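One structure follows; several queries about it will come next.
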Amino acid sequence: MYTHYLKNLVSFKSVTPNSAGAIEYIDDLLKQHSFKTEIKIFGDSKKEQVTNLYAIFGGNEPNICFVGHVDVVPAGNYEFWHNSNPFKFHEQDGKIYGRGTVDMKGAIACFLAASLNFIKNNTDFKGSISFLITSDEEGKSKHGTKEMLQYIYDQRYKIDFAVVGEPTCEKEIGDTIKIGRRGSVNFKLNIVGLAGHVAYPHKANNPLPCLIKILNELINIKLDEGTEFFQNSNLEVTNIDVDNDTSNTIPASAAAHFNIRFNSLHNVETLRQLIEQIIKQYCKEYKVDYKLEYSSSAESFIQNPNDNDKIKKFANVIERTLKIKSKFSTSGGTSDARFVKDYCSLVEFGLLSDMAHKINEYTKISDLQKLYNVYYNFLIEIL
């Protein structure tokens, strides 16, 4: 059942932010099984239009919602794929190949199968099952899950617990549950000096010594020691640019870009204050000006499993189903869980992450079966 759904989902060339028919396929499938569905298209322009779906079966609490995305990253050169078509279902040696099989059409297929079988086998269950699916997670994530959550809550829908189907597992299905994510903030620093000839440095003010001093301190700063569920926060310099191709000219300015992935001990504003304090110190010493810009796609968040019965139940289901004790993790990049956490508690749990976004992306059929079993048994446990 899940392989059938995955075969159909892979066939849609849903490169972000395009649904390419994938969400419409899910909508039609769920309608056939008596789900109440609504598709909403959000976006500032035609190029940015994003397709979103909310579908629900039942009207009672708790409402267990699967949150996912059909959009995928570009497939690259088709010639490097086994069957020269990453959007055609290809099964070989117990594996299913195709763009999005891991991230995250495989998880969508498994939760679809688990939900429909659960409803078929448990006609008198109490509660609701819902799906929130977008075509804008791999891109800007501006008009997808974030806007759709606000819309459905304006319509008075309430989600009690969400399963986000990101590929979280590392070596085997069940070994990792994501219960939070690090925050991310990007900085762009521009040091403004005074251009001049290298033979007359006293008539110029080179911005580079100041920038070098600042970056040296930033890369050596110890932001924290980490927490029970988070690794230590980390700063990485990603670009240095002086826009100067001549060797006899002192540049007028020098710029650097850097990113901080941070845990729950910080937020964007406290980090900005710390960074700016260091910058001001050196700019004063070197008598240069500066401009600091920053942007953040996510604050950090954490849900302590010790304080959340539904997260505990999810972990217990994995242990009973797969005979493996899951590790609670906050590693990796950002995901749509950063939007969901403002509305309800959640876990992120899906397939193995190793092949996500890679040429010849694949998942094992046996892993799909394991994921299906976990999803199905969790619905039994919670509803």
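In case you wondered, yes, glycine gets a Cβ from its N, Cα and C as well.
Pulled from Swiss-Prot, these are the listed features:
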{"type": "BINDING", "residues": "H69, D103, E166", "note": "Zn(2+) 1 binding site"}
{"type": "ACT_SITE", "residues": "D71", "note": "active site"}
{"type": "BINDING", "residues": "D103, E138, H357", "note": "Zn(2+) 2 binding site"}
{"type": "ACT_SITE", "residues": "E137", "note": "active site, proton acceptor"}
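On this model, are these features tucked inside or out on the surface, and what's nearby?
For the recorded site, E166 (Zn(2+) 1 binding site), the DSSP three-state label reads coil.
For D71 (active site), the number of other Cβ atoms no farther than 10 Å from its own Cβ, over all displayed protein chains, is 29. The secondary structure of D71 (active site), as reduced to three states from DSSP, is coil rather than helix or strand.
Look at H357 (Zn(2+) 2 binding site): DSSP puts it in coil.
Sequence-distant contacts of E137 (active site, proton acceptor), defined as residues of its own chain at least six apart whose C-beta falls under 8 angstroms from its C-beta, comprise T16, H69, D71, G144, T145, S335, D336.
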Which Cβ among the binding-site residues (H69, H357) has the fewest C-beta neighbours inside 10 Å?
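Among the binding-site residues H69, H357, the lowest count of other Cβ atoms within 10 Å belongs to H357.
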Quick check on the binding-site residues E138, E166: which one has the highest count of other Cβ atoms within 10 Å of its Cβ?
E166
What Cα-Cα separation, expressed in whole Å, is found between E138 (Zn(2+) 2 binding site) and E166 (Zn(2+) 1 binding site)?
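With the alpha carbons as reference points, the distance is 11 Å.
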Count the other Cβ atoms sitting within 10 Å of the Cβ of D103 (Zn(2+) 1 binding site), across every protein chain shown.
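The answer is 27.
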What Cα-Cα separation, expressed in whole Å, is found between H357 (Zn(2+) 2 binding site) and E166 (Zn(2+) 1 binding site)?
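Here the two Cα atoms lie 12 Å apart.
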Within 8 Å of the centroid of the Cβ atoms of D103, E138, H357, which other residues of that chain place their own Cβ, given that this set defines the recorded Zn(2+) 2 site?
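Apart from the listed residues, the neighbours are V72, V73, G100, V102, M104, A356.
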